[in-house]
Amino acid sequence: MTATTGTGQNIQRRAPSHERHFFLVCLLLVIATFAVYGQITNFDFVGYDDEVYITDNQHVQAGLTFKGIQWAFSTYHAGNWHPLTWLSHMLDCEIYGLNPRGHHLTNLLLHLANTLLLFFIFMRMTGALWRSAFVAALFALHPLHVESVAWMAERKDVLSTFGGMLSLLAYQYYVKQPLFTNYLLVIFFLSLGLMAKPMLVTLPFVFLLLDFWPLRRCLYDTDRLWKDGKEISRVGHNITRLVLEKVPLLIPVFISSVLTYMAEHNEGTIGTLKSFSIIARVENAFVSYVSYIFKTVWPLNLSSFYPHPAVALPWWHTLGAAMVVVGLSFWAARVSKEYPYVFVGWFWYLGTLVPVIGLIQIGRQAMADRYTYIPLIGIFLIIAWGGADLFKRLNFRKTALAVSSAVVLSALTTLTFFQIGHWENAVTLFQHAVRVDNNNGLAHNNLGVAYVQRGKFDKAVFHYKEALRVYPYDLVTILNLGRALSNQGERDEAAHYYQKGLRIKPDSADAHNALAVLLTDKGNLDEALLHCNEALRINPQSPDAHYNLGNLLIKQGRMKEAGLHFAEAIKINPNYAKGYNSIGFIMARQGKLQKALVFFSKAVQIDPNYTQARKNLEKIKQTLSSNEP
């Protein structure tokens, strides 16, 4: 008995030994992935958008609720429309609460599922078990994929890829049995993936590539193609049919693209032409394409953030990178008949990187490791199939190929293991980023934030000043530096930075808030009140502004008005622990001890590490206990 694979070749129906090898590969992939990535279940949140997605997000922390589901499908929060990502974080909070171990475990399991699906898909399409296994192993163990797995806020990457893999699998079934229901499955899984991250907008293009190889739905005779008009017509008709077949897939792609643009525009994360010129974007795109390839072959000095130069790069950088990209593209097209995997792999890499290559600039990064999670599959295909063909052409034994593969995977496993270690917490992550590039302003700022959270204000001030050396007019860093200096008792210097922030952005509610707190502490209540009111005028939905005004009113003895602002703060953010503590303080002052107990308890419940609330709670308990008959 024989069976036909997607390559168009006949192979023997699976023998028991083939099935044993299949399950052995799956077992090895599971063991290797857990051995390398298992350490992340002991890691903490890193404060690098984790607060946006989980730790400071009241909708997510509430778990799976009807209201939360409504929010997930309607919000542009974090500059994205990705309801499935929000729902996955909500489910984690429902199960694990804020225990980072569980959140990390979900990322790890999704990465493992993607790895196994990738292996299964290409083994079914090609019948090449060991080459498919090597592709999956590279995917599982390459250091460039660490960021997508170890970073909890990047759940969207592994989750959307899971949807993409299921869509690829459904497409393979559709090609084998072109039923309408199978096609609907392709659309369904593609839509789910897009609802986790819009990276999959290029998946219809990937389907076209797979039609060429390994599915071989676009066969042609090279010798006859340019000589026989009928052959040209047949091939053209075939290509047109395959392209039209993908048109319905463009509907969810279009919807996702529009929603993503609206979300990014609403968040203000799309770089303007003033910030990033067209020339700078194109130059960076070419250089990034080549840089990713270099990092694939030599994955050292990887960082969580690569600053965008924002200016024109040296001409020889751009010219050299453009020549490499164009040259490899022509070569891939030229050898497409003899080595179709080169054509497919290369254009898979180029095409799937388009949404994040920087032509539409999002954020301040030049490139990012996480952007390679799907695109590198194309390069891995070239390496796996090309390496095997090269060894075969050189008449090397299969043992040599196996040993070489094992050496490569061992080296990558070692590098990946240590790269993962950098994600243990915020300090280790951004210390490494600063070591890689000392001119990384964002890394210096985030390292300063991490040190503030640990009470190490001297180190925080140093790194904030280093960040300002790189980005002198960055408002976030300026205000962070002011707060750190204030915590050191350097109030005059702190005031200098707050005022600098207001000169840069006079309508900054955060700057007005920060200056109001400082002036309140110094006793300049009238001036502080002006800044409190201005902060609320700019952003009436700021719980911090209401809280700060409430504190000021307490100092003026206006308890009732203060209570109203604290109440407004917790109305805006029901998880605002400081607001509950302050209401508890007012209740205690008014002799309403039982009510004070409720509010202090709520503050501690929200933030178990809130020292002042704990002290207040213990004190009120002791008072109530001593008043008992």
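In case you wondered, yes, glycine gets a Cβ from its N, Cα and C as well.
Through the fold, the transmembrane segment (21-40) approaches residues 14, 104, 107-108, 111-112, 115-116, 119, 123, 129-130, 133, 136-137, 140-141, 149-150, 409, 413, 416-417, 420-421, 423 of its own chain, all at least 6 residues removed from its boundaries and within a Cβ separation under 8 Å. Sequence annotations record features per position, and here TrEMBL assigns transmembrane segment to 21-40 (among others).
Look at TrEMBL and you will find 104-122 (among others) tagged as transmembrane segment.
The feature transmembrane segment is assigned by TrEMBL to 158-175 (among others).
Taken from TrEMBL, the feature transmembrane segment applies to 182-210 (among others).
The feature transmembrane segment is assigned by TrEMBL to 247-263 (among others).
What TrEMBL lists as transmembrane segment is 314-333 (among others).
Counting same-chain residues at least six beyond the ends of the transmembrane segment (340-360), those with a Cβ under 8 angstroms from any Cβ of the stretch are 198-199, 201-202, 205-206, 209-210, 212-214, 270, 276, 281-282, 284-285, 288-289, 292, 308, 325, 328-329, 331-333, 366-368, 371-372, 374-382, 385-386. Look at TrEMBL and you will find 340-360 (among others) tagged as transmembrane segment.
Summarising the annotation, TrEMBL assigns transmembrane segment to 372-388 (among others). Cβ atoms under 8 Å from those of the transmembrane segment (372-388) belong to residues 118, 122, 128, 130-132, 134-135, 138-139, 142, 144-145, 148, 157-158, 161, 164, 199-200, 292-293, 295-296, 339, 341-342, 344-350, 352-353, 401, 404-405 of the same chain, restricted to positions at least 6 beyond its ends.
Positions annotated as transmembrane segment by TrEMBL: 400-420 (among others).
Under the heading repeat 'TPR', TrEMBL lists 441-474 (among others). Residues 47-48, 303-305, 307, 364, 425-427, 429-431, 433-434, 480-481, 483-485, 487-488, 504 of the same chain sit 6 or more residues outside the repeat 'TPR' (441-474) yet have a Cβ under 8 Å from a Cβ within it.
Under the heading repeat 'TPR', TrEMBL lists 475-508 (among others). Sequence-remote contacts of a segment are chain residues at least 6 beyond its ends whose Cβ falls under 8 Å from one of its Cβ atoms, and for the repeat 'TPR' (475-508) they are 441, 445, 448-449, 452, 457-458, 460-461, 464-465, 467-468, 514-515, 517-519, 521-522, 538.
Taken from TrEMBL, the feature repeat 'TPR' applies to 509-542 (among others). For the repeat 'TPR' (509-542), the list of distant contacts is 475, 479, 482-483, 486, 491, 494-495, 498-499, 501-502, 548-549, 551-552, 555-556, 572: same-chain residues at least six beyond its ends, Cβ to Cβ under 8 Å.
What TrEMBL lists as repeat 'TPR' is 543-576 (among others). In the predicted model, residues of the repeat 'TPR' (543-576) average a pLDDT of 95.
The repeat 'TPR' annotation in TrEMBL covers 577-610 (among others).
When DSSP labels each residue, the repeat 'TPR' (475-508) comes out as 27 helix, 0 strand, 7 coil, counted as helix, strand and coil in that order.
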